[in-house]
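Undergrad: The structure that follows is given in the form of structure tokens.
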Amino acid sequence: MGCFSCFDSSDDEKLNPVDESNHGQKKQSQPTVSNNISGLPSGGEKLSSKTNGGSKRELLLPRDGLGQIAAHTFAFRELAAATMNFHPDTFLGEGGFGRVYKGRLDSTGQVVAVKQLDRNGLQGNREFLVEVLMLSLLHHPNLVNLIGYCADGDQRLLVYEFMPLGSLEDHLHDLPPDKEALDWNMRMKIAAGAAKGLEFLHDKANPPVIYRDFKSSNILLDEGFHPKLSDFGLAKLGPTGDKSHVSTRVMGTYGYCAPEYAMTGQLTVKSDVYSFGVVFLELITGRKAIDSEMPHGEQNLVAWARPLFNDRRKFIKLADPRLKGRFPTRALYQALAVASMCIQEQAATRPLIADVVTALSYLANQAYDPSKDDSRRNRDERGARLITRNDDGGGSGSKFDLEGSEKEDSPRETARILNRDINRERAVAEAKMWGESLREKRRQSEQGTSESNSTG
């Protein structure tokens, strides 16, 4: 699915004031980036940006080198040679605003991915500039590494580290019949890693960066299925000061866009959280965000899944059949709770991505062992039966009571249970650290006493 511009929203890129702000102050040491880029920076300590009205504003970059564009500048002939003149055999696929090729740099022998932007694209140049700047300033293990770029004449190319396992979309929706589907543990690991990349953009960059095109095809996989976010051409700087959103022309991918952004053009970090929820649902269900080949009523993933969230007896139906039942039922419920909270229609009710990272890190650490499947499945089924009895007025309502008093509260109740488990895990970890610290202090004290006695 490609990018689209929907509705006839204003092209204004200014920040609109509103009454409240959900974003705290960022530390001065955080990476600083500039918006509305008109050209690549020359390496100075300031980046200038121009608003539609023509007025300039300057964003100071840290003096620790973040302001320097570290990416290497390539000549077009170097990249043509690396890709055998963009031979069809080196073609990897379509990326945002261009085609991606596999290449090998003659100078270093490094295998790379080369994205050649569409020279006829109306926005290709802006997206090129944004991506070069973003990936040059922002570095994180879950963001793809930009090696360099080419801006010879009208040529616009980006050179990335090569991600050998392709995209998450490949493994979820384009998997050959002879290939094994991602297992439950790997899906949770990928979700947690992708969320960490998004958290870095939202909470560590200053001002925050809104990704704006979070989707399964933009999550690339390295060796070991380590996920990295790619394609930053649509990224926008988030609101600053007392602003709570950015007003911009609606861009993104159908099926992933948050409803408030699609309708009003008002963009916040919670817009990314919605998109993350859609991708997380793809991981859980194995379904596409939009699939025209599915029966009527099941073509839109979110619209299909939402009613199922209100009936715990149907939770199992949300699991990807290719998992073949090899997943912990309780973890499935918890994962669905996270997804449900992320795709809430009201942006204010969605969690912050930092909270999502906490929840998914917990789930990713609860490794599922297929060899223990039978006993665990029996325990989960007993818990499910307790829930059923509770519906009829009996039973104890155990920790598998995911819904509480009303069905519509089930995602919230599950989130509460998940938070309780996370808090318990934190408490145990803190207790261990405290115990280790206390033992170390005692050891040092005893050692000091022993040395004192020996000298006496």
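Backbone N, Cα and C atoms are what each Cβ position is placed from, and that goes for glycine too.
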Undergrad: Going by what Swiss-Prot says, which of C6, C150 is noted as S-palmitoyl cysteine?
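TA: Comparing C6, C150 with the record, Swiss-Prot tags C6 as S-palmitoyl cysteine.
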Undergrad: Based on what Swiss-Prot says, identify which of S21, S375, S396, S452 is the phosphoserine one.
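TA: When Swiss-Prot is consulted, phosphoserine appears for S21.
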Undergrad: Count the Cβ atoms, other than its own, that fall within 10 Å of the Cβ of V100 (ATP binding site), considering every protein chain shown.
TA: 21
